[in-house]
Amino acid sequence: MNIKNHSKQKKYSSFIPKTELKFYINKQKRYQEITQILRRLYLQTYRRPSSLLLSIVQPLLWLMLFGALFQNAPIYLFEQCSVKYREFLNPGIIVFTGFNSSISAGLPIVFDREFGFLNRILISPISKKNSLIYSCIIHTWTITITQILTVISITLYQNHSVHQFNIEELLINISITTIIIINISNISICNAFILPGHVEFIAITNLLVNLPTLFGSTALAPLSFMPTWLQIISCINPLTYAIEIIRHYKLNTLFTLSTKIINTHWLQINTVEGISILVIINTLSLIVVKEVIKYKYD
């Protein structure tokens, strides 16, 4: 009997899918799922261009109003370097633009939950529910990078420094803001699956998260201007590390990976440590949002 079964297995072994083939099919299917969900998200953005334009105008208003309000601020804002406040403010506005856009990354999922479209996606033969996360992050990243490039272009034009455009600086800006975009998008998507509706989602993101995160960072003022309790909050805030890396690269002519981006009497952090903190927080947030989806819908 065993010999007979063995001969049958040998006879039909050529029909058994190989692991590599199965992996390739799953990978191709996941790519198609992400592409189709992305296509729907881009179509929504295309049909609502006003939201895209307003999200571009908002950081420009911050830049213009705060730049004009503190244009006569002390010129030694950045260590011992003589810089104008607008130059000091630019990195903060760039990072906050990424934060402000990515904090709303989960809003489409909230509306899909309320209108019942998310249930259609979940009961469809989708191979990995993580495709929802990846598609939302990619969509948010493309929209946010477009906004950041617009802000940088207008800033260069206003400062009459188009000839000083540095491609390496642009890549640093995009790389650091990408980490922030992914991190905050993960948190936003996690809230989209946990909170009951869009009213609670908008209330938490706009009222309790948005402005406190901005003022609890070094976007508008250096750590040396803050009291100790606010310095502690700023050093907990991941936006501070992203802002300081971009700011030191832009304004510090002696910038290296060992340059101290946080330098207080109770905490010193260099560039490598700052990037490591951002990557660790990013990884943890991605794991958390995957576990939330797995717990609620698997």
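The backbone N, Cα and C atoms fix where each Cβ goes, and this holds for glycine too.
Unlike curated entries, TrEMBL annotations are predicted automatically.
Annotation comment: TrEMBL describes 50-296 as domain 'ABC transmembrane type-2'.
Among the features that TrEMBL reports, transmembrane segment is placed at 52-73 (among others).
Residues or ranges marked as transmembrane segment by TrEMBL: 93-111 (among others).
Marked as transmembrane segment by TrEMBL: 132-158 (among others). For the transmembrane segment (132-158), same-chain residues at least 6 beyond its ends with a Cβ under 8 Å from one of its own Cβ atoms are 33-34, 37-38, 41-42, 45, 52, 55-56, 59-60, 63, 90, 93-94, 97-98, 101-102, 104-106, 108-109, 121, 164-165, 170, 173-174, 177-178, 181-182, 185-186, 189, 286, 289-290, 293.
Positions annotated as transmembrane segment by TrEMBL: 170-194 (among others).
What TrEMBL lists as transmembrane segment is 201-223 (among others). Long-range Cβ contacts of the transmembrane segment (201-223) within its own chain (Cβ-Cβ under 8 Å, at least 6 residues beyond either end) map to 66, 77-78, 88-89, 91-93, 95-96, 99-100, 103-104, 106-107, 110, 188, 191-192, 195, 230-231, 233-235, 237, 239-240, 243-244, 247, 262-264.
As annotated by TrEMBL, transmembrane segment applies to 267-289 (among others).
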Most Cβ pairs under 8 Å with the transmembrane segment (170-194), selected from 52-73, 93-111, 267-289: 93-111
Folded-back contacts onto the transmembrane segment (93-111), same chain, C-beta under 8 angstroms, at least six residues removed: 41, 44, 55, 58-59, 62-63, 118, 132, 136-137, 139-140, 143-144, 147-148, 151-152, 173, 176-177, 180-185, 187-193, 195, 197-198, 201-202, 205, 209-210, 213-214, 217, 219, 239, 242-243, 246
